[in-house]
Structures are given as C-alpha cells and as structure tokens.
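K.L.:
Structure below; questions to follow.
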Amino acid sequence: MSKIRVLSVDDSALMRQIMTEIINSHSDMEMVATAPDPLVARDLIKKFNPDVLTLDVEMPRMDGLDFLEKLMRLRPMPVVMVSSLTGKGSEVTLRALELGAIDFVTKPQLGIREGMLAYSEMIAEKVRTAAKASLAAHKPLSVPTTLKAGPLLSSEKLIAIGASTGGTEAIRHVLQPLPLSSPALLITQHMPPGFTRSFADRLNKLCQIGVKEAEDGERVLPGHAYIAPGDRHMELARSGANYQIKIHDGPAVNRHRPSVDVLFHSVAKQAGRNAVGVILTGMGNDGAAGMLAMRQAGAWTLAQNEASCVVFGMPREAINMGGVCEVVDLSQVSQQMLAKISAGQAIRI
C-alpha cells in the first residue's frame, strides 16, 4: 500500500521539523516537503502532489485562511489545520473548517516539542482520516432554508446529536433552519477544550434557536441547543419533572471525552421514546452502542448517509449495530428529526 504523502506549511522551522519527525515515525505516511509560507507551498503542491496538507493558521506573507480559501477553490485537497489555543485561534480554526479544512490539531502552549510529540498518535490519526475523507461532501454548504414553526411540543421531547470529523459544519447545517418552536437539543461534538464555547457562540449568532456551551446543573429548555464542553462528558439527568444537564470528568469512552455514547445512553434512560437520536459524520464507533440503546428504549434514530458524510465512520458503525431507524442525506436531517419528534413516532425492537 502506498504511503500517505504529507506536505507541512508552517512559518516556524521548529514546527516543520517536529511535524516531519512525527509523520516519518509512522510507517504508513511520509513528509514529502515542508514550506515556510503559502507562497512556497503553492509550488511544492504542484511538484509533489501531496495527499494531505497540514497548514498553520497564522503566517506571514499570506495567512492560512486566505490560502485555504484559494486552495479549496482552485485545487481542493484534504487539509488539517494546526492552530493555537487562543480565543482568536479557536474562531479562526472554526472558520477554516467552514472553508473546507477536514480537521485541526492544537499547538501546546508550553513545551512545543514535547507537547507535539505527545500528540504524535493523534496527529497521525487525523492525517489518516483526512486522506480518506470525502472532499465532495465537504464543499462549503449553502445556508439551509428555515423550516416552518411547528406546534409547541411537550418539554419532555428532545433531540440528541453526536458527531466528530466534519461535524462542525454538519451541525451548523442541521441547526440553522430550526424554528424557535423546536424541542431542546443536546449535542456532543468531539472537540478539545477552548473550542466548544467559540463553536456554540458562532452557532448562536447564526441560528434562530439559542445555542450555548452546556453547564452542569442547568435546566434543559425547548428552543435551545446545548453543546458538550471540550474534555467533559455531558449527560441528560432529571430534577423532579424537568430535564437537567450533568457535566462530569468521567474516564474517556471509546477514547473520547466528551463521548457520544455517554450522552446517548443517558438520553435512552431518561427520555426513552420522547427522544430522537441523530448520528452525523465522524471517524470511529463512538455513539453506535448508545444509539442502539436509544432505539431499544423507543426513540426514533437517524444516521447521516455516506454520500453527504465527510467521514462515514460513526454512522456506518451505528447502522451495522442495528441502532438506526432511518438513513438520510444531511440536507434532510433537520426536517426529518422535527417530523419524527412532532409525530411522536417511536418504534420498539
């Protein structure tokens, strides 16, 4: 099998050296070239035709976002962004994902060499995922048409959503058309700390419903979406007649925290047939067992189809496990989940 050919663009000579060490330490990939800025990278891309580009967000001569926008228009290819953990860094990274980057890694704030080498396996995994990702599914999405407001639903009704690679844009596409009459939504997207708040704030500006990073103990309200905070699990709990959110530092599940399975299992237990479960694009199997538990508890469950997924890993695993009632294109997810929750459709298996 041929190796994954990687080109790294970073203005830091140290970062270029570290990325080269990391990539070349894995037998299934090789660093074919490095560039100090996008202008040099442009020529190297033509020369080496890499499978994956790693791209620093902030660089002289042309910043990473400008370059990414031009690249995706003229020569689309899988890109993994390398970002700082600053507030500005998280906003720029989310913009990069919107423009077509597949994923991102964050630079440690201290001890760059030790920190990056500790991330070696994670970086390699993201490069492998990017090499296999569907670029056709990751072209910038148009703004979906707002759905008509439906009848006000019981506050017992809610929707649980799980996603990973490619999920930030898929979630935007699902939430943006939702009317204020929508039920509450609980969302777990695999993301490091420092990014989930920026992600929620960005969605809150774009959506009619309220979107926020979830907080421990807060009451779950219709017309609101709650995003699991980075590196914390989110569960649905009860407080008397109301739903509330539980945030905790339990061990990683399926190598993830937050984990989609943790959310889905709690929703199966607390909401049962009053819930709809949705699994979107992502690598791995997180959410498959939890979605089966939701279906067995009477919830209606949807999976995003392969054609519209950046990575058809998590939906495929959920389908194979038998936890999915219906497979739909991303463009139909919002409409279908609202139709099912409004109809109170549920099926026991």
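The chain as shown is numbered from 1 upward.
Any Cβ shown, glycine's included, is placed from N, Cα and C.
Residues annotated as domain 'Response regulatory' in Swiss-Prot, with sequence analysis given as evidence: 5-122. The 4-aspartylphosphate annotation in Swiss-Prot covers Asp56, and the record cites sequence analysis as its basis. Residues or ranges marked as domain 'CheB-type methylesterase' in Swiss-Prot (evidence: sequence analysis): 152-344. Sequence annotations record features per position, and here Swiss-Prot assigns active site to Ser164, His190, Asp286.
Describe the structural context of each listed feature in the structure shown, including burial, neighbouring residues and relevant distances.
P.N.:
For Asp56 (4-aspartylphosphate), applying a Cβ distance below 8 Å and a minimum sequence separation of six or more within one chain yields Val9, Asp10, Asp11, Ser12, Met15, Gly64, Met81, Val82.
Secondary structure at Ser164 (active site), as computed by DSSP, is coil. Taking all protein chains in view, 27 other C-beta atoms sit within 10 angstroms of the C-beta of Ser164 (active site).
Close to His190 (active site) in the fold, though at least 6 residues off in sequence, lie Ala163, Ser164, Thr165, Gly167, His256, Pro258, Val260, Gly282, Asp286, each with a CB less than 8 Å from its CB. Mapped onto three states, the DSSP output places His190 (active site) in coil.
Residue density at Asp286 (active site): 30 other Cβ atoms are found within 10 A of its Cβ, drawing on all protein chains shown.
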K.L.:
According to DSSP, folded down to helix, strand and coil, what is Asp56 (4-aspartylphosphate)?
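P.N.:
DSSP assigns Asp56 (4-aspartylphosphate) to strand.
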K.L.:
Work out the three-state DSSP category of Asp286 (active site).
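P.N.:
DSSP call for Asp286 (active site): coil, neither helix nor strand.
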K.L.:
Going by DSSP, how much of the domain 'Response regulatory' (5-122) is helix, how much is strand and how much is coil, in residues?
P.N.:
57 helix, 26 strand, 35 coil
